[in-house]
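Peer 1: What TrEMBL records for 1-27 is region 'Disordered'. Per TrEMBL, the feature transmembrane segment maps to 112-129, 141-160, 191-212, 224-243, 335-356, 376-396, 417-434, 467-486, 498-522, 542-561.
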Amino acid sequence: MAVTESLPLPAMENGEGKGGGEYTQDGSVDLRGNPVLRSKRGGWTACSFIVVYELFERMAYYGIASNLVIYLTDKLHQGTVEASNNVTNWSGAVFIMPLLGAYAADAYLGRYWTFGMCLLTLAVTIPSLKPPPCAGGVCPPASALQLGVYFGGLYIIAFGNGGTKPNISTIGADQFDEFDPREKMHKMSFFNWWMFTIFVGILFSSTVLVYLQDNVSWSVGYGIPTLGLLVSISIFLAGTPLYRHKVPQGSPFTRMGKVVAAAVWKWRVAVPADAKELHELELEEYTRKRKFRMDSTNAMRFLNKAAVKEDGSPAARWSLCTVTQVEETKQIVKVIPLLATMFVPCTLIAQTNTLFVKQGRTMDRHIGRHFQIPPASLGAFVTLSMLVAVVVYDRLFVPAIRKYTKNPRGITLLKRMGVGLLLQVVAMATASLMESRRLGYARRHGLDAAAAEVPVPLTIFELLPQYVLMGVADAFLVVGKIEFFYDQAPESMKSLGTAMSLTAYGVGNVLSSFLLSLVSRVTRERGDAWVTNNLNASHLDYYYGFLTVLGAINAVVFVALSSRYRYKVESTETIDIAMDVKGDTAKKIQN
């Protein structure tokens with residue numbers, strides 16, 4: 001049986017303020033902790049300030065990430081495997097840090113944080129902080145100081161990202177009241193348009209910023225997003241009077257740890273047949289503290305032992321948890337297996353900023369006689385295809401399929417993610433076939449035997465299918481993943497739910513580094529390295545094929561797990577209510 005959440009009582013009697021406006025029903029408050037009027041705060045107006053911040057923040061991140069492998073190989077003189085792993089290791093840190101950010105935000109700090117990238121801009125600007133250019137085929141390695149300053153800047157950004165990333169999207173989603181039918185419908189579209197905005201920022205980074213970095217200077221390419229961040233922080237703060245806030249409700253890790261410890265401590269205690277005999281607070285207590293109470297379920301019944309009352313026991317106080325605390329823990333635990341199936345897909349996504357870019361570097365990038373496309377700019381087609389797919393999905397697919405499935409979302413979140421997984425597998429298989437064609441051309445013309453990597457006279461646009469397919473896959477998988485973990489997390493742990501979805505990227509990037517290092521070492525020891533500094537003499541097609549098989553196996557596991565997953569009743573019931581109200585409103589307008 002799925003979890004249900006009880007509706008909190010109105011913030012004030014009758015739910016109306018002194019000015020006649022209606023208070024939100026989800027416990028939203030202003031910065032002083034006072035209940036807020038629906039007409040005065042939140043909604044798309046408040047979201048516009050938040051979205052601008054995220055637009056510039058993603059522009060800054062991808063302004064670095066999109067072209068980082070090129071900077072590491074061209075400017076810091078690192079090899080293909082080393083540079084690729086440094087990119088994925090950094091990206092891994094960027095997306096693992098949100099777990100700490102989610103803890104801090106939900107426990108004490110609220111949902112704000114900022115970070116900067118000034119040190120990184122200095123590292124690419126000051127000559128003494130960069131190694132000298134290659135001369136006569138000799139490339140001086142970067143010094144410890146030069147590496148320290150550059151990577152120090154990168155990892156300061158990763159640390160700052162931990163405070164902002166899990167919380168900024170949560171702030172946006174919090175601007176819509178779960179218990180207001182109209183706002184519930186808006187919230188269902190929020191993550192689609194949130195990701196749309198993010199990819200607009202990525203599109204600018206992978207075209208304009210990448211071009212400036214390759215053809216003007218890295219200082220300009222890094223300086224623009226730095227200034228953009230400063231402006232966006234000001235805009236974000238300017239919107240503070242319009243934001244709805246959720247009251248910090250303590251560390252989720254502490255509460256979950258207490259539940260597990262209490263259940264283990266009382267492992268011999270029998271769970272009563274009547275759930276009403278378990279320990280729980282009165283509804284008024286939750287309403288007063290603006291929290292949500294949850295009903296007991298039989299799923300993971302062992303954890304219910306934590307809510308069994310033991311009068312007279314010396315450990316009765318610390319080992320007694322409420323039913324709500326137990327059910328919150330269950331909700332997080334039951335999504336962990338699905339979280340694990342997101343690691344491999346995020347490994348596949350990581351290839352777009354590493355090996356895909358290096359692959360494009362080996363091809364003909366000319367448009368006309370003088371203009372050359374930066375290899376990282378082809379990532380813009382991931383963004384463009386994703387932008388188009390999100391609009392088509394939200395405006396055409398969902399309304400059309402809803403008539404047949406009767407599901408307000410068109411298809412369930414897990415089905416949406418499953419479609420994305422399958423498209424990813426097709427994208428990697430396409431990449432493998434294209435690389436096999438490129439390598440075949442290089443071998444027929446003897447380019448694999450050249451002392452240095454020589455560009456293959458095949459247009460870089462032959463790589464478009466794998467980029468486009470990856471972008472369409474993102475529209476299903478990435479958007480669905482963020483919404484799923486946010487939607488299924490308990491109300492008091494929304495930032496943690498968002499952070500879990502982001503952690504998948506972190507683990508996926510670290511896994512990418514591990515797999516690339518392992519495969520490179522094993523194949524090199526066998527005398528036929530799959531990935532070398534000279535891609536024309538490599539077997540990158542084999543490596544892509546290996547990732548394709550890994551993705552297919554992971555997709556099968558995901559389907560098996562998702563078919564047994566049961567959604568929160570609250571998340572489906574409130575949507576159904578919203579749909580009913582929307583239908584009634586439409587009928588009134590027609591009449």
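Quick reminder: no glycine exception, Cβ is built from N, Cα and C everywhere.
Annotations in TrEMBL come from automatic prediction, not curation.
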Peer 1: Same chain only, please: residues at least 6 beyond the ends of the transmembrane segment (417-434) with a C-beta under 8 Å from a C-beta of the stretch. Say none if there are none.
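Peer 2: Sequence-remote neighbours of the transmembrane segment (417-434) are 345, 348-349, 351, 356, 359, 411, 462-463, 465-466, 469-470, 472-478, 480-481, 484, 541-542, 544-545, 547-548, 551-552, 554-555, 558-559, 562.
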Peer 1: Between the transmembrane segment (335-356) and the transmembrane segment (467-486), are there three or more CB pairs that fall under 8 A, provided the residues in each pair are separated by 6 or more in sequence?
Peer 2: yes
Peer 1: Same chain, outside the transmembrane segment (542-561) by at least 6, Cβ under 8 Å from its Cβ: which residues?
Peer 2: 337-338, 341, 343-345, 347-348, 351, 355, 417-418, 421-422, 424-425, 428-429, 431-432, 435, 515-516, 519, 530-531
Peer 1: Top stretch among 141-160, 191-212, 224-243, 335-356 for CB pairs under 8 A with the transmembrane segment (376-396)?
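Peer 2: The stretch I would name here is 191-212.
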Peer 1: Near the transmembrane segment (335-356), which same-chain residues lie under 8 Å Cβ to Cβ, leaving out any that are not at least 6 residues past its ends?
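Peer 2: Distant contacts of the transmembrane segment (335-356): 65-66, 68-69, 83-84, 87-88, 91, 376, 378-379, 382, 414, 420-421, 424, 427-428, 431, 463, 466-467, 470, 474, 477-478, 481, 484-485, 488-489, 497, 500-501, 503-505, 507-509, 511-512, 515, 531, 540, 543-544, 547, 550-551, 554, 557-558, 561-562, 565.
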